[in-house]
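Engineer: Okay, here's the structure, questions in a sec.
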Amino acid sequence: MILVDWQITDRIERGYIGIDPYNPELIQPNSIDIRLGNHFVWYTPGDEIIDPYIRDTVTGGTEEMTAESIVLHPGQFVLAETMEAIRLPDNIVASIEGKSSIARLGIELHQTGGWIDAGFAGSITLEMCNVNQRPVRMHAGMPIGQLVFYTTERALCPYNAKKDAKYLNQRQATLSRYYENKKRA
């Protein structure tokens with residue numbers, strides 16, 4: 001079941017869902033708006049192949065900055081953080097969706113990483129890309145996406161109980177940590 005406005009408000013006010021900072025004006029009929037943070041990371045152009053299993057290729061060749069705005073150029077891919085940190089209980093999951101007004105500027109908010117497991121805590125890393133033909137300036141603090149909450153049965157092993165929870169309590173845009181996975185044949 002998707003939570004509606006009064007259910008989202010109730011669960012936040014009772015501390016069942018954590019949103020920090022919380023602004024009740026961001027509650028929508030079926031979601032809560034989330035805002036762009038001010039930490040950004042991106043890969044510099046180059047020919048070195050990124051191998052998800054090799055840490056140095058994943059973490060090398062990057063730049064990062066903290067700024068009040070960033071210009072996304074056509075085709076540019078940037079990791080960004082949400083201003084809000086969230087905390088989910090073991091029976092609520094969330095998905096992140098881009099706001100249509102941002103999408104109409106050609107900005108994709110996430111590539112495929114839009115699912116947030118029960119038990120997750122931290123800021124959300126956004127996988128932003130500009131598919132417009134023109135550069136677009138994005139400002140820290142602007143509403144950029146929406147979190148939709150779904151109730152589920154209680155997870156036996158929520159994200160915060162997993163030994164390999166790579167992104168638990170992240171508080172800035174975080175590069176892939178796929179290299180921490182065991183390689184499977």
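Here the Cβ of each residue, glycine as well, is placed from N, Cα and C on the backbone.
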Engineer: Per Swiss-Prot, which of Q76, Q146 sits in the dCTP site along with K99, S100, S101, I102, A103, R104, D117, T125, L126, E127, Y159, K166, Q170?
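Structural biologist: Record check against Swiss-Prot: dCTP site with K99, S100, S101, I102, A103, R104, D117, T125, L126, E127, Y159, K166, Q170, extra candidate from Q76, Q146 is Q146.
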Engineer: Taking the binding-site residues one at a time (S101, Q146), which has its Cβ surrounded by the most other Cβ atoms within 10 Å?
Structural biologist: Q146
Engineer: Please report the Cα separation of K166 (dCTP binding site) and W115 (site 'Important for bifunctional activity') in Å, rounded to an integer.
Structural biologist: 15
Engineer: DSSP on D117 (dCTP binding site), three-state: which is it?
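Structural biologist: It is coil.
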Engineer: For the dCTP site as recorded (K99, S100, S101, I102, A103, R104, D117, T125, L126, E127, Q146, Y159, K166, Q170), determine the largest distance between any two Cα atoms, in Å, rounded to the nearest integer.
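Structural biologist: Result: 33 Å between the two most distant Cα atoms.
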Engineer: I'd like to know which of the binding-site residues K99, K166 has the most other Cβ atoms within 10 Å of its Cβ.
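Structural biologist: Highest number of other Cβ atoms within 10 Å: K99.
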